[in-house]
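A.B. asks: Mind having a look at this structure? Questions to follow.
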Amino acid sequence: MAEVGEIIEGCRLPVLRRNQDNEDEWPLAEILSVKDISGRKLFYVHYIDFNKRLDEWVTHERLDLKKIQFPKKEAKTPTKNGLPGSRPGSPEREVKRKVEVVSPATPVPSETAPASVFPQNGAARRAVAAQPGRKRKSNCLGTDEDSQDSSDGIPSAPRMTGSLVSDRSHDDIVTRMKNIECIELGRHRLKPWYFSPYPQELTTLPVLYLCEFCLKYGRSLKCLQRHLTKCDLRHPPGNEIYRKGTISFFEIDGRKNKSYSQNLCLLAKCFLDHKTLYYDTDPFLFYVMTEYDCKGFHIVGYFSKEKESTEDYNVACILTLPPYQRRGYGKLLIEFSYELSKVEGKTGTPEKPLSDLGLLSYRSYWSQTILEILMGLKSESGERPQITINEISEITSIKKEDVISTLQYLNLINYYKGQYILTLSEDIVDGHERAMLKRLLRIDSKCLHFTPKDWSKRGKW
């Protein structure tokens, strides 16, 4: 059995952790770093095939030294600080880009052919049929719900102009480790999931204090209290373009409010692993969702979008802060992004790759929105109601490729007597109705006060 002193960076061994059911388990983990505090060694571990947000510092008592695997010196991959350059099998290291090609045996309905209701052996409660059209290639999201990343096509070169861009080239030993222990934001204390490039001198602090209105950071509670006596903001900068009840949205220009935008990106990076932070926020707009009480407008989440997108992206980054997750706010952010696209008269899609949580939220939103349209179709003169994929896209502002991939994901497309039938089974309908009963938060278009700008005519934004 190995000794504690023999453990080095790059070793792999089982590590004790508690799972979601509060049961002990011993998953395989990799040692990313070792540090000594007052003669006591601590080991920073990444659990193989688990999300990086679960990485943590552990003591030697949680390590199974009998099954340790030392790094191989003859590894062909270049190493850095004793670590292999890649981790096959770790989902956050492998950017999964799945492309499902529809073969002649599994055709997709034409975008413009009308659809109509069609019964199927009495088992279907509602059905929509589309006339056969040309076969097309469909770029679909992957179907693994635990996947960290997803794409709808061949990856393009990383953009180097945004505030948060998709790029793994800086994924080294430093950025693989969480560097902020805890963040105090208003009445919440947040435990970061990932690395964020805050100034080095702040990474040794037990708590990083943020002003919840301007997002400036301080070293201590005293610094924050001193700042609050001078900060007169009680809401994000920019224009309030939506308010209903306690929920508001503020539109923030990344050029006009550069400091706030950069601070927002630093905070967001603590909870987004698939993006690399850059400081050029000028080409971006930020839409911050807040919850109002007597003390002000408290940030709940946000999404950003490019002022000019050549690829129809209506979201660049999207995040609901951890204290507000699993409460319907993520779907509300997504719904708001499509509401803006409707006002702009465009269809939109989120920038890929999506995080695992983002992918789940988008799949759920697309499914509910499309099913809502299909189930609301009315028949005329006793005939089956008809609709095309283009019409679904125009009504919802969801890009056609996302409409098709969602229909495939829900397994609604069937070929029957020369027609493409979209069949809604009892299970699909019942599941949708149950989900909609739980979806209490919705965007009210009448409460939106938004005038889109033509950024192509505004020079350098």
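Cβ from N, Cα, C; glycine included.
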A.B. asks: Between 208-233, 260-285, I'd like to know which one Swiss-Prot lists as zinc finger.
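C.D. replies: Of 208-233, 260-285, Swiss-Prot gives zinc finger for 208-233.
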A.B. asks: Going by Swiss-Prot, I318, L319, T320, Q325, R326, R327, G328, Y329, G330, K331, S364 bind acetyl-CoA; tell me which of S309, S355 is listed for that site too.
C.D. replies: S355
A.B. asks: Measuring CA to CA, name the entry from the recorded positions K52, K275, K378, K399 that ends up nearest S355 (acetyl-CoA binding site).
C.D. replies: K275
A.B. asks: Where E351 (active site, proton donor/acceptor) and T320 (acetyl-CoA binding site) are concerned, what is their Cα separation in Å, rounded?
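C.D. replies: It is 16 Å, counting Cα to Cα.
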A.B. asks: Counting other CB atoms within 10 A of each CB, which of the binding-site residues G328, G330 comes out lowest?
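C.D. replies: Checked G328, G330; of these binding-site residues, fewest Cβ neighbours within 10 Å: G328.
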A.B. asks: Mind telling me which of the recorded sites K378, K399 has the densest Cβ neighbourhood, counting other Cβ atoms within 10 Å?
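C.D. replies: Answer by Cβ density within 10 Å: K399.
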A.B. asks: How many Å separate the Cα atoms of I318 (acetyl-CoA binding site) and K378 (SUMO1 cross-link)?
C.D. replies: 35
